[in-house]
Amino acid sequence: MIFTVEEINQDPVLLPNVTLGYLVADTCLAEGTTLSAALALVTGQEKTVSGAKCTGAPVVPVIIGDARSSASIVVADTLGVFDIPMVSYFSSCACLSDSHRFHSFLRTVPSDAFQAKAMACLLRLLDWTWVGVVAGDDEYGKSGVQLLLKELENTGICVDYLEFIPKSHSQSRIRRIVEMIQSSTARVVVTFAIAPDIEVLFKEVVVQNVTNRQWIATEAWSTSILFFDPASSSLLAGTIGFALRRADIQGLGAFLAQLSPLKQPNEPFVKDVWEEIFGCSLAQDWEPSSKTPKCTGSENVENYGHIYTDVSQLRVTYNVYKAVYAIANAIHNMMACQPGRGPFEDGECPDVTQIKPRQLLHYLNAVNFTTPVGELVYFEDNGEPSASYDIMNWHVDESGAVNFIQVGQFDAAKGPGQELNINLAKVVWGGGRVDQVPVSVCSASCLPGTRKAVQKGKPVCCFDCLPCAAGEVSNMTVLSVTGATLTTTVLAAFFHHRDTPLVRANNSELSFLLLVSLTLCFLCALVFIGRPAPWNCMLRHTLFGVSFVICIACVLSKTVVVLVAFRATLPGSNLMQYFGPIQQRAGIFLCTLVQVVICLLWLLLAPPLPTEHAGSELGARVILQCTVGSVVGFVLVLGYIGLLAVVCFLLAFFARKLPDNFNEAKFITFSMLIFCAVWITFVPAYVSSPGKYTVAVEIFAILASSYGLLLCIFTPKCYIILLKPEKNTKKNMMAR
């Protein structure tokens, strides 16, 4: 900041004949201290003022800062009442985008909303669907995680655990977090925390020797080497992070190198930095017995102060540079105002002798300039800059030194699907390429309740009742819809040819009802796919049970009619008067009524509901699935369907050789044989299937038995109706 102010003061074009001044205060990484310092600055109560031209502490019209989102929120809430502008260079919390609450807050760093979107894009691109998340227990971490979870909805990416690093840096809590990372099957760890929190975490990571993890870093620490320990090089190698745009600021390196307590004896920050770099003391009362050696003031900064003088990764630094230039350009535009053409009431120009914060805020929102680096800078309507990130990869050489290599870029200005560009050939992976996940996951979104469960320390995943790969869900959906479409097509064909002998001979009314119920059987499989909820858990089993009973009851009625019809041809037989259309409808109604009563009792006494289950085959995951509620109810529903199917099979088997060119009994026999075989196989498969696979088994049984009924009963008829219409005659039917 000081370098930029001096650069502007020496610029003959920008603010000519005007000298910028500044006051600097330490926030001590605490909200209370930050607010106190800010109030002291804007009210002219700052005691320490240096500079020959300064006769007293001025009232500061604008503040650059703070670096931390939590502190910026506190200060912006307070200063916003007085319309005092703030320009932050590192507060990226998306909550600060609220232009109504923080109308005087601007920043040169993109909102975390874009970073969360970039992270989600990266995870989708690399097909990393099973991840852990670690965040700081502050506004930056909490807001960032909420944004990330929102971006991960409907992507099929699951969060195994969500841990928050406490601000107290409690060792027991840190140890527990690292133990969770170590024991989890999720090899990708996404972080949303500031560098001091990450530093504490990685010290414990080294202690516990957590290997084979792919770390994802935010801009807060993606290019920071302050806490990089050579001992952790093998653990952090391959880290992928999002970094702010890098810039080369001419002259900054030389400016930093001339730092010296001998040249700037009255600058308190020089003393602090010097002691930090060289690990020595500049105290006047230093004694030889002290543990810290005495500083001479002539130590070589260029040789030993690499962390301080390294200007190869100017990212946050560049944001400070832009913030100072934004303020300078705003003041420059204020001074260039022509009387009568000003932006205020009656064309009034701002007062440049005593800059008013409200007027400066107006001009700050309107700045549009190009920095000496060559970047166009302006603020959006809510005080936001344009968003872009460099994607960095940590390469570690044989000596253990870390190098930050740019492997891609994220530009929010580009269209959907084009924002992320990464060169995978340049990437070094953390612990090897993370291509595989323990199991496939569903494309449905995470449940709202999972976040509450996570905060209680429970592992949670976004599994639905059928947590299969998106391709498997698609296949089952296609099979279900295809079956329903085929059935509807057959129904349309039968209706169109309803007056033909074949349709009339096969009891057209029962055929229509059978086809409608078969359509419901196919469609009820769709209810099993998707997020479990109380309504669909109760609907799926009852809809399945009632639909199949109607279907089997229609087939049973057809079979009985065939048997009775041939018995009625014997001399003296009057059986058909007891099996007319009214009696057939009544029989189907009574069969269905029994199943409806069973389902109602089941729903009233112990309904199926969504329940979380820990699946042993999934490690720490929790599966949300529909439990049957009452096992007795489930058994009665299946048992009743099975009873009707067995009776129908036996009757059809006895009637299979009756003399009729279009005798349905033999086709019904085949269909019931397939039906019974499917559901006999279903019972042991359903009981033995672990967790998520029980639903897949049930859907398979529904579709297989439905296709069996449709193809066995109606394929021969459709063949005659559509392809051999010459056989669809009364004469041909009565040939035998």
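Cβ atoms here come from the backbone N, Cα and C positions, even for glycine.
Under 8 Å from some Cβ of the transmembrane segment (476-498) lie the Cβ atoms of residues 466, 504, 508, 511-512, 515-516, 518-519, 522-523, 525-526, 529, 696, 699, 703, 706-707, 710, 714, 717-718, 721-722, 728, all in the same chain and six or more residues away from its ends. TrEMBL lists 476-498 (among others) with the feature transmembrane segment.
What TrEMBL lists as domain 'G-protein coupled receptors family 3 profile' is 477-736.
Summarising the annotation, TrEMBL assigns transmembrane segment to 510-530 (among others).
Taken from TrEMBL, the feature transmembrane segment applies to 542-566 (among others).
What TrEMBL lists as transmembrane segment is 587-610 (among others). Remote same-chain partners of the transmembrane segment (587-610), defined as residues 6 or more beyond its termini with a Cβ less than 8 Å from a stretch Cβ, comprise 465, 513, 532-534, 537-538, 540-542, 545-546, 549-550, 552-554, 556-557, 560, 624-630, 633-634, 636-637, 640-641, 644.
The transmembrane segment annotation in TrEMBL covers 622-655 (among others).
Remote same-chain residues near the transmembrane segment (667-687) are listed as 552, 555, 558-559, 638, 641-642, 645-646, 648-649, 652-653, 656, 694, 697-698, 701, 704-705, 708-709, 711-713, 716 (criterion: CB distance under 8 Å, separation of at least six residues from the stretch ends). If you look up TrEMBL, you'll see 667-687 (among others) marked as transmembrane segment.
What TrEMBL records for 699-723 (among others) is transmembrane segment.
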Lying 6 or more residues past either end of the transmembrane segment (510-530) yet within Cβ distance under 8 Å of it, the residues of that chain are 444, 464-466, 473, 476-477, 479-481, 483-484, 487-488, 490-491, 494-495, 503, 536, 539-540, 543-544, 547-548, 550-551, 554-555, 557-558, 561, 584, 588, 695, 698-699, 702-703, 705-706, 709-710, 713-714
